[in-house]
Amino acid sequence: MTNIRKTHPLIKIINNSFIDLPTPSNISAWWNFGSLLGICLILQILTGLFLAMHYTSDTTTAFSSVAHICRDVNYGWIIRYMHANGASMFFICLFLHVGRGLYYGSYMFYETWNIGIILLFTVMATAFMGYVLPWGQMSFWGATVITNLLSAIPYIGTNLVEWIWGGFSVDKATLTRFFAFHFILPFAIAALATIHLLFLHETGSNNPSGIPSDSDKIPFHPYYTIKDIMGTMFLILMLMALALFSPDLLGDPDNYTPANPLNTPPHIKPEWYFLFAYAILRSIPNKLGGVLALILSILVLVIIPLLHTSKQRSMMFRPLSQCLFWLLVADLLTLTWIGGQPVEHPFIIIGQLASILYFVILLILMPTISIIENNLLKW
């Protein structure tokens, strides 16, 4: 008799996705981040659920309810800090996952890649709205500044901003709707992640060499289940180290001051994982231009597959492209640093140069270097 895991309508879906899935035999630890993102999402939904049981989305009580969670709820402090730092771990995994896709040419799976970009936008929106909920100074002013960017849209901008606010400023209506969206979006992310996986399993995974691996596949379980468990252990170790030893390391001290519309903090800045985009936004002295650059800094990923001019899929055997890739990584780290600095000399010019370099590398240098490498292959 055939095993139930291969015949049962529900179990066979799990079997074909996580047990008997034919997987390339040579995928490295860089392929762990997909499963780690799944773990992050589950952790965030669970901790978020328990936080939502005690949180109140009202301007008068939101800040106090978060303090109440940390002080009075059993293990509320660890749930709150796991949720806050879990977001940071989520973005670390996201950036490494996207970086892996760029390096090894995984973007050639168009559907998987494009759904991944939609996922990235959705996670960023969710994280932004979550940051508003504690209703500290940085929550309030961050929400004010970022939602105000929509006013740069010609003709409908101002109406759009007031529609999102639910009034003439960030207030009770804004907080309530942000809480509602912050609660529902992770489930949309889970659905999108399932579709992401569905499209990936249509083609099978890429591998470091970028060469089709149909002739050399191994079952996902036990080889990669054990590898993923090891990755998960590292993830949880890092998360717990962060949440238990330095929970406020990545946060902003201003957010321990209750929101005050009459007092603007000296430096308004988002969480660290948005700083690179924030630096690109600030580097353009025009409001609409800055907003467009901000959106394009992520949306540029959509055209990466169209700009793939190399004869090889992966960068594994392309040293010039590798140099360019690591220059891009250094550039993004520079942008992240600049995003957290005040708007003054020399940070302004560094930010502008780093922003230009970011787009030049992705849109001009990468395709050009790939063509040069193709010609070098003929020698």
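Cβ from N, Cα, C; glycine included.
Annotated features, as they stand in Swiss-Prot:
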TRANSMEM  33-53  transmembrane segment
TRANSMEM  77-98  transmembrane segment
BINDING   H83, H182  heme b b562 binding site
BINDING   H97, H196  heme b b566 binding site
TRANSMEM  113-133  transmembrane segment
TRANSMEM  178-198  transmembrane segment
BINDING   H201  ubiquinone binding site
TRANSMEM  226-246  transmembrane segment
TRANSMEM  288-308  transmembrane segment
TRANSMEM  320-340  transmembrane segment
TRANSMEM  347-367  transmembrane segment
Selected stretch (most C-beta pairs under 8 A with the transmembrane segment (33-53)) from 77-98, 178-198, 226-246, 347-367: 77-98
Lowest local Cβ density (other Cβ within 10 Å) among binding-site residues: H83, H97, H182, H196, H201: H201
Residues of the parent chain within Cβ reach of the transmembrane segment (113-133), under 8 Å, 6 or more residues beyond its termini: 48, 55, 57, 62, 66, 87, 90-91, 94, 97-98, 101, 106-107, 139-140, 142-143, 146, 174-175, 178-179, 181-182, 185-186, 188-189, 192-193, 195-196, 199, 270-271, 273-274, 298-299, 301-302, 304-305
Integer Å distance between the CA atoms belonging to H196 (heme b b566 binding site) and H182 (heme b b562 binding site): 21
Rounded distance in angstrom between the Cα atoms of H201 (ubiquinone binding site) and H83 (heme b b562 binding site): 30
Among the ranges 77-98, 178-198, 347-367, the one whose Cβ pairs under 8 Å to the transmembrane segment (226-246) are most numerous: 77-98
Outside the transmembrane segment (347-367), six or more residues from its ends: residues with CB under 8 Å to it: 279-280, 282-284, 293, 296-297, 300, 303-304, 307-309, 321, 324, 327-328, 331-332, 334-335, 338-339, 341
Remote residues contacting the transmembrane segment (178-198) - C-beta distance under 8 A, at least 6 residues beyond either end: 17, 37-38, 41, 44-45, 48, 52, 55, 57, 112, 115-116, 118-119, 122-123, 125-126, 129-130, 132-133, 143
Distance from H196 (heme b b566 binding site) back to H83 (heme b b562 binding site), taken between C-alpha atoms, in Å: 24
